[in-house]
Amino acid sequence: MHKCIPGVEFCENMAYFVIARNLITFLTTVLHESKVDAARNVSAWVGACFFTPVVGAFLADTYWGRYWTIVVFLPIYITGILILAVSASLPMFSTFPEHGNVDRAVVYLGLYLAALGNGGIKPCTQSFGADQFDSTDLGELVKKKSFFSWSFFMINASSVLSGTVLVWLQDNVGWGVGCAIPTVLMIISFPVFIAGSRVYRFRKLGFSPLKSLFQVIVAAVRKCHLQLPENKSLPYETSSSSSATDRSRKIQHTNQFRFLDKAAIVLPPSDKMCMKHMNSSWSLCTVTQVEELKMLLRMLPTWASFMTFYTVSGQMTSTFIEQGMVMDNRVGSFAIPPASLTIIDALTVLVLVPIYETISVPLVQRQDKVFSQALHIGIGLALSMIMMVYAALLEMKRLEIVQSSGLADHDVAAPMSILWQTPAYFLHGVAQVFTCISISEFFYDQAPDTMKSLCAALVQLAIASGAYLNTLLLGVISVTTTSGGAPGWIPDNLNEGHLDYFFWMMAAISLINLAMFVNSSMTYRGNTASS
């Protein structure tokens, strides 16, 4: 019953990667956008792909459930990528001037429909897959950890296929053919996923988790003038349920964010506000409701670290590819498409996930789970910083060769092999193995029971925020470094620019991010749910 879910995730990610891996090339060579504009548009689209999961998660946790959210949004995704395949194939959507801007409008319609469909699937597939395991069974808990590892493995398997076969087809046969293959696979995955519905495990829905969070905030503000009782047994908790209907698990009281505890203070009958709102959930919340909000607040520093990690990772589909486009991509008689080097990243993951799985499962059984997750995330953040240092040094060497060859004024590739980018992609792959698997586990394990999809969406939102931050940084760099007629750090002719300065800046941001994560993880308190 678990195999249908990774299958959908595999097809969805193949569709995403076949667009994202080569979108920068398509925008610059087919739609003729400038390098900075193309990099910004790629980051904006990637951001949309990882921002829309908030909508999907809200619908999944509140109204439809994870299964029906996938069923609704999968056809939207199929429609988006189908439009892309058609717009890149039919003559009526070509980029010739007589067709005006129709091609651009149709391309971006397909892109953002795909982003919307993606938003309903991404926060639900892993959470729905994890729902299939019984949290009270120790054997199934180990299988659940393996599920996250192998799910990440499947994502990168789709990335390898997209970055090799499909990118080659896009460059040598046509974009339409490259998009048509994942479209067909997604169409097939739809009925296959539905066919497994008889054996899936479904979690019961409570009421809106976002509504519950806002109730705590409103109730705490209403009672801001009150003093917290010294007796910790006074805050309100129901005897049979907490913030969600039919829920048996409660969360123990903690002393962090004490102001929010005021939302659970029971007022005496003589209090006028109590008489007016005594039955209002906007004035009196349970301890579990309060602790659910505290759990989310405790996860925010980790979320911010992950956002910065993906600001750095955004270079893999933008500036790294642009750097590869001005390097010698010939290996013998074969020309390597710059976007195809991203498969090194994915291949690294495919090789290392089984090793990681073999080592990490026994390690977690001997160590505290939260400590193990924090350690792995920290290693991944450190590796991403080293990757940016390497990229900066590589660009310095490339520019040195450009200057010595007299090519600074020519928009041509430097006589330096593109294979020198390989270590950067390898480092990013290793960083992802440590960071992405552990962050998915962390947000699922530490999330309140009623907010599993919402917290999975927070992971996607961190990726979106990283992409938008990358877009903002590129825009700021473009404006500030081109004043006075200067070519800037990232001009259309990179031989005239200083992309290395941008990479050094990203390395510095990564170092600050690592320091902040280490500081926050040392004081983190884990999930306090109890039966």
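The chain as shown is numbered from 1 upward.
Including glycine, each Cβ sits where the backbone N, Cα and C put it.
All annotation found in TrEMBL is predicted automatically rather than curated by experts.
As recorded in TrEMBL, the features of this protein are as follows:
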TRANSMEM  42-60  transmembrane segment
TRANSMEM  67-93  transmembrane segment
TRANSMEM  105-121  transmembrane segment
TRANSMEM  147-169  transmembrane segment
TRANSMEM  175-195  transmembrane segment
TRANSMEM  333-353  transmembrane segment
TRANSMEM  374-393  transmembrane segment
TRANSMEM  456-481  transmembrane segment
TRANSMEM  501-518  transmembrane segment
Assess whether the transmembrane segment (456-481) lies in contact with the transmembrane segment (333-353), where contact requires at least three Cβ pairs under 8 Å among residues 6 or more apart in sequence. no
For the transmembrane segment (42-60), sequence-distant contacts whose Cβ falls under 8 Å of one of its Cβ atoms, 6 or more beyond its ends: 16, 19-20, 23-24, 27, 66, 69, 72-73, 111-112, 114-116, 118-124, 127, 208, 210, 314, 317-318, 453-454, 456-457, 460-465, 467-468, 470-471, 474
Positions on the same chain near the transmembrane segment (105-121), where near means CB under 8 A and six or more residues out: 8-9, 12, 15-16, 19, 31, 45, 48-49, 51-56, 59-60, 69-70, 72-84, 87-88, 93, 460
